[in-house]
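Student: Sharing a structure with you now.
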């Protein structure tokens, strides 16, 4: 049986640094657990532009379509701000998402007990928090036509963006949310603005249809997105899986991210339609950006990238036990007080570099055997 295939795109800024720690962990799984991967590497973002004049080469795109999963570090940096919009580093990531048709963006928001005091909310509100936000990624107001800025008849201008969703676009992301809920606590909350938007009415009706016809065993609730934002701050532990559209998902997932204490801790997955092996096309990446201000200094927190690989183990490689092993290793390291610079607080801890955090996670993995 062939080894699972993984394409690594380290990208820009701190991307190569945090990805280096993931590659060490991949090596650990091969050596200590007999779990081997066919790993290939390529360029994306600014690094690809510097080498090829494009943020994503056609050959890289073709390889991404062939592998079981893609793991990306980060893209972008101030040196590329002068580039035309069509070749900015971020366009490489957007092309991956679009051409792989990655329509379901998974953003977990988990608050590790050791970091509960880093949250902007009180410990008793966020302790034990474990939410999964499923954001529709390829449709909605970011992609709808018509769009643009146009002159009006009074010497001014007006801007237009179009929120557009089809039945199938809503149903497929709803199915992703219900499938995830079955693996978790079996609850889905769908968020929209059905009180003021026709697209919200359609969203609510289609999510309800998927529930009634395909997932009646999963508990479903509906909530207006503005109330959802308030509830995330008021009582976030009421949620298990949240499913919402592109715009609201963009906002709500960032809101949920700050409940956890540090963007350096948060992984993400973008999933598409099932491949021949029954598993979805997938791109995994940390939520944080390229952080050019600390690149090359050994200060970056690699945990978000490490946990992104854990998501790949679970959702692309069907290795849930190994994913849990890696997640528990991270939890152990944090409980032991090991901290990169972004996690250092008044209570102190053991300060470590990027590679030092990788060392600690590898030691915890060894201890798990």
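Cβ atoms are placed via backbone N, Cα and C, with glycine included.
The NAD(+) binding site annotation in Swiss-Prot covers 77-90, 289-301. Feature annotation from Swiss-Prot assigns substrate binding site to 97, 107, 135, 226. The feature Mg(2+) binding site is assigned by Swiss-Prot to 226, 250, 254, with sequence analysis given as support. Positions annotated as site 'Important for catalysis' by Swiss-Prot: 142, 193.
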Student: Residues with Cβ closer than 8 Å to the Cβ of residue 142 (site 'Important for catalysis'), same chain and 6+ apart in sequence?
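Tutor: Long-range Cβ contacts: 161, 246, 247.
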Student: Setting 226, 250, 254 aside, what same-chain residues sit with their Cβ within 8 Å of the center of the Cβ atoms that define the Mg(2+) site, listed in sequence order?
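Tutor: So the extra residues in range turn out to be 225, 229, 247, 248, 249, 251, 252, 253, 255.
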Student: Helix, strand or coil at residue 107 (substrate binding site), per DSSP?
Tutor: strand
Student: Fewest other C-beta atoms within 10 angstroms of its own C-beta: which of the binding-site residues 77, 89 fits that?
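Tutor: Lowest Cβ count within 10 Å among the binding-site residues (77, 89) is 77.
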Student: Measuring CA to CA, name the entry from the recorded positions 135, 193, 226 that ends up nearest residue 299 (NAD(+) binding site).
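Tutor: When the Cα distances are compared, 135 comes out closest.
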Student: Just give me the nearest neighbour of residue 226 (substrate binding site) among the recorded positions 85, 193, 254, 291, 295, Cα to Cα.
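Tutor: Nearest in space to residue 226 (substrate binding site), counting only the recorded positions, is 193.
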Student: Just name the winner among 97, 107, 135, 193 (the recorded positions) by count of other CB atoms within 10 A of its CB.
Tutor: 135
Student: Which one is it, among the binding-site residues 107, 250, 254, that lies nearest to residue 291 (NAD(+) binding site) by Cα separation?
Tutor: 254
Student: What is the interatomic distance between the Cα atoms of residue 250 (Mg(2+) binding site) and residue 85 (NAD(+) binding site), given in whole Å?
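Tutor: Here the two Cα atoms lie 21 Å apart.
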Student: Drop a 10 Å sphere on every Cβ of the binding-site residues 81, 226, 250, 254 and tell me which sphere holds the fewest other Cβ atoms.
Tutor: 81
Student: Which one of these binding-site residues, 291, 299, has the sparsest Cβ neighbourhood, judged by other Cβ atoms within 10 angstroms?
Tutor: 299
Student: Relative to the Cα of residue 254 (Mg(2+) binding site), which of the recorded positions 81, 89, 193 have a Cα no more than 10 Å away?
Tutor: none
Student: If you count other C-beta atoms within 10 angstroms, which of the binding-site residues 85, 295 is the most crowded?
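Tutor: The most densely surrounded of these binding-site residues is 295.
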